[in-house]
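Heads up, the thing below is written out as structure tokens.
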Amino acid sequence: MAWALLLLTLLTQGTGSWAQSALTQPASVSGSPGQSITISCTGTSSDVGGYNYVSWYQQHPGKAPKLMIYEVSNRPSGVSNRFSGSKSGNTASLTISGLQAEDEADYYCSSYTSSSTLHS
């Protein structure tokens, strides 16, 4: 079972925004049913490292993205506790424990940024 990991692109104007930052995720992460995996999301002190506003989304093919984690480690109501978020320095992580077949999806991270630079 493998996941293609894509960067969520959120573009807005101005300084202090949910702008697209150069967040780096691994190209793919794989695991077997029952195992745990961790997906990293590395930014800078202007985004991931500077604010506790990292979110994670899950997207199945043909479906809208689903918010899984917000503000680094909070789960919305209805999201399984098999999903957990954390942050250390400029890197945020999403851990999925007890992998299940339905966890196969694209996972996206996003972060608030204080940078006024928009990356294309």
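Yeah, the Cβs are placed from backbone N, Cα and C, and that goes for glycine too.
Swiss-Prot gives the label pyrrolidone carboxylic acid to one of Q20, Q58, Q100, namely Q20. In this view, C41 (disulfide bond) is surrounded by 28 other Cβ atoms within 10 Å of its Cβ, with every protein chain counted.
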